[in-house]
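J.: Quick one: the structure is below, and I'll ask about it shortly.
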Amino acid sequence: MEPKATRLRRGEGPRGEQEDRPSGEGSTEKDRGLDLVQWTRHMEVVKTQLLEHAQGQLTELLDRAMWEAVRSYPPQGGPLPSTPPDSLSKGREPSPGKRKIFIIRKSLLDELMEVQHFRTIYHMFIAGLCVFIISTLAIDLIDEGRLMLEFDLLIFSFGQLPLALMTWVPMFLSTLLVPYQVLRLGARPRAGGAWVLRAGLGCVLLVAHTVGLCALPVLVALKYQLPPASRCILVFEQVRLLMKSYSFLREALPGTLCARVGEGMQAPSFSSYLYFLFCPTLIYRKTYPRTPNVRWNYVAKNFAQALGCVLYACFILSRLCVPVFANMSREPFSTRALVLSIMHATLPGIFMLLLIFFAFLHCWLNAFAEMLRFGDRMFYRDWWNSTSFSNYYRTWNVVVHDWLYSYVYQDGLWLLGGRARGAAMLAVFLVSAVVHEYIFCFVLGFFYPVMLILFLVIGGLMNFMMHDRHTGPAWNVLMWTMLFLGQGIQVSLYCQEWYARRHCPLPQTTFWGLVTPRSWSCHT
């Protein structure tokens, strides 16, 4: 087949058809111009397709090159492994391209902050928040004659904080001691029935650890009626410690069990496990890339920004949500009132989403990473540029996504023989949706499956409808529109349910009364 350029020079169209050309020099020059435009458009399409096709392979290649560069740097805490971190030479041999590779890299916002133009946008955003606070305080000063600096919501939310911290201590000690002891029991030589007894004891300890870690926070929260922020600390630590326990045993135990009898495979050091419990990742490795020193001014800056986000979130709730939803359950239900409340909640909802992202995924995790000299700071990617929900789910929270991908999706494919990617993906959505709904239920103190429906049903459909083939600014606008509406629905419905359960308490506690939304029937 002849090249397309040859056909164009011979007078054929880009698809090989012979074109009728009128005689005359002017017509020839015009046809050549049209051919050039057509050829240019074709090459633009080819260039776009080649870039999209090579993007994934180029990213993996660059990660490999960066890892080799990290290996060549002399570490301070011991030699780096000769293969990507912690490959289990004695157990199963994972594919290098499928395992999480840790390399030294900054968080994306830190990289963007090095650009003056982006810093200016960041400063404009802060200025906008300051203007919003000043305008609110000015209205209070005019209407009330004094500044209404109320911290009631903040004080209420973090009530009984010492009790929550005391509850965390046995949770952490159990996670520190039990999984490591279970691994040590399995790492000893398997001689006769003694190894079976040790394995049985390890299983009993592991079950007791899991049950205690699941039950203790729930019992404390119910008995002492902890407020939302204190509950939030407990449930996040509960989920984090459970995920870290699973990752540690999942990564270290297969190599121990696959070791030959009498070989006595060495268990990971206790210090590496202790470091893993505090470092900002849910994937266990014996070693991680480390930065050379700690920038304490960077740590203080991130903690200060996280505290500022908490204060501003309380300000948004007390000024934009409480006045709207506090007495809504006292009014007759109407579709108009529901729609207006959702539209009103979109702005505070998206503010809360951005504040949670910046406070936790950027400030909090980077502060701990800096204190521990943890090198890999890719806790999120550019989720704000997503044109599909599948890309948004992968880039919003990389820390949790890595855990779900490694231990739910990949292990699911391994169990199913690699033939059921749809089932493995559904399992990821199901686990993530159930855990998100559990967190909301624990923090708020009631069951109202808004998050479960939005995440599993609507989010699952959007994941398959808005896939990675959709690109362009229109799809990004559509994704942000869906995020605005989703956050508005969550804030509106959860706030209505919160106040309805306080205005209309149950005369007697029943199972159906606990699981039935009170806001549907409470109109006092």
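Cβ from N, Cα, C; glycine included.
Annotation comment: TrEMBL describes 1-32, 73-96 as region 'Disordered'. Positions annotated as transmembrane segment by TrEMBL: 121-142, 162-183, 195-220, 303-326, 338-361, 412-431, 438-462, 474-495. As annotated by TrEMBL, active site applies to HIS436.
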J.: Is the transmembrane segment (195-220) packed against any residues at least 6 beyond its ends, judged by a Cβ distance under 8 Å, and which are they?
T.: 163-164, 167, 170-171, 174-175, 178-179, 181-182, 185-186, 188-189, 226, 234-235, 237-238, 241-242, 245, 249, 442
J.: Sequence-remote contacts (6 or more beyond its ends) of the transmembrane segment (412-431), Cβ cut-off under 8 Å?
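T.: Hits for the transmembrane segment (412-431): 404-405, 455-456, 459-460, 463.
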J.: Could you tell me what the rest of the chain brings near the transmembrane segment (338-361), counting residues at least six beyond its ends with Cβ under 8 Å?
T.: 109, 305-306, 309-310, 312-313, 316-317, 320-321, 324-325, 328, 379-380, 396-397, 399, 483-492, 495-496
J.: Below 8 Å Cβ to Cβ and six or more residues apart, same chain only. Which residues does that give for HIS436 (active site)?
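T.: Listed in sequence order: MET451, LEU452, PHE455.
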